[in-house]
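The structure under discussion appears below in the form of structure tokens.
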Amino acid sequence: MDINFNKDVYCLIGNPIAKSLSPIINNSYYKIIGKNNIYLAFNVKEKDLADVINVFKILNIKGFNVTLPHKISIMEHLDSISDEAKILGAVNTVKNKNGRLIGYNTDGMGFLKSLELEDVGVKDKTVLVLGAGGAANAISISLAKEGVKKIIISNRTLSKAKILAEKISRKFPKVTSEYDSLKLKNVRKEKIDIIVNCTSVGMHPNIDESPINLHGFSENLIIYDIIYKPRRTKLMELAEKKGYYTINGLSMLINQALCSQEIWLEVEDYNFLKNYKEIKRILEIYVE
Ligand code: NAP
């Protein structure tokens with residue numbers, strides 16, 4: 001790497017961050033586009049968050065990503081927050097614009113971008129979202145904004161599914177929203193076009209588990225599992241056996257990073273697809 005004084009510094013803060021793929025994605029991106037920037041990852045304890053933000057301002061760090069456990073607490077340190085991040089109540093990207101810190105959330109944007117790159121349209125579709133945590137929130141809200149017909153939230157803890165379904169109805173009255181448990185007893189499975197798994201079921205080390213069984217769905221079903229480690233989850237394995245089209249979480253992971261870069265660099269990346277494919281090729285070496 002060419003180290004000189006012209007580098008803009010970007011970074012990730014979270015705890016833990018040791019296994020994060022963000023430095024690989026973002027530094028690969030800078031290399032591909034020929035930018036003399038650098039992206040680092042810092043382990044930040046909750047008690048140190050305010051001090052770290054202050055130092056970032058003093059050092060003129062141009063932007064940073066925020067991951068667990070700071071996605072909510074970061075908001076009190078920012079000067080303004082995008083509408084999308086406000087609805088989600090969580091920030092994963094901060095831009096330092098002349099000393100003012102602006103918060104965004106690119107999880108939903110990255111998810112939608114990944115669908116666009118896969119040529120999967122969501123308008124007027126019925127989508128079953130598994131999970132009701134942070135990722136399910138971002139993805140459901142982005143799907144509602146994009147004009148899906150119906151969203152069904154299905155979660156182990158029913159009360160959380162209800163809260164998210166009610167939030168969707170409140171913010172997007174044109175979208176029908178329902179909720180159920182992961183047993184899906186009240187769901188008309190044959191009407192579902194897309195399933196998005198936003199639970200952590202199937203992730204390392206529980207790689208032999210699937211959040212739902214796949215009986216009773218239509219033959220044109222698309223299954224998107226946002227888990228990226230392993231690249232092929234049990235749910236995807238079951239789906240492929242049935243001949244369903246599947247997408248894994250690497251695509252969303254890379255696209256939310258590229259969306260952060262567009263915010264930081266303030267340019268639309270005209271080679272988005274080419275750059276995405278190149279980063280995906282690099283990442284696949286790191287993720288089995
Ligand atoms: P989160 O806020 O902690 O939510 C976790 C969700 O998983 C909750 O709905 C939880 O249900 C459910 N869950 C956990 N263990 C379960 C089990 N044993 N059985 C059934 N449901 C279970 O986490 P998150 O941030 O939303 O992340 C969720 C997953 O998405 C993780 O695997 C994460 O790696 C992945 N992710 C991927 C990307 C990407 O870019 N590809 C981005 C963000 C997240 P309860 O409400 O009942 O606890």
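Yeah, the Cβs are placed from backbone N, Cα and C, and that goes for glycine too.
As the structure is a computational prediction, the values presented were derived from the model and not from experiment.
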Residue among Thr67, Thr157, Thr199 sharing the shikimate site, where TrEMBL lists Ser20, Leu21, Ser22, Asn92, Asp107, Tyr228, Gln256 as binders: Thr67
Listed binding-site residues adjacent to ligand 1, that is, members of Thr67, Asn92, Ser159, Ile226 whose C-beta is under 6 A away: Ile226
Pairwise CA distance, Ser159 (NADP(+) binding site) versus Lys71 (active site, proton acceptor), rounded so that it is a whole Å: 22
Cα-to-Cα gap, Leu21 (shikimate binding site) vs Asn155 (NADP(+) binding site), nearest whole Å: 27
Inter-residue C-alpha distance, Asn92 (shikimate binding site) and Asn155 (NADP(+) binding site) (nearest angstrom): 23
Most distant Cα pair in Å, residues Asp83, Gly131, Ala132, Gly133, Gly134, Ala135, Asn155, Arg156, Thr157, Leu158, Ser159, Lys160, Ile226, Gly249 binding NADP(+): 29
Thr157 (NADP(+) binding site) CB neighbourhood, other CB atoms within 10 A: 13
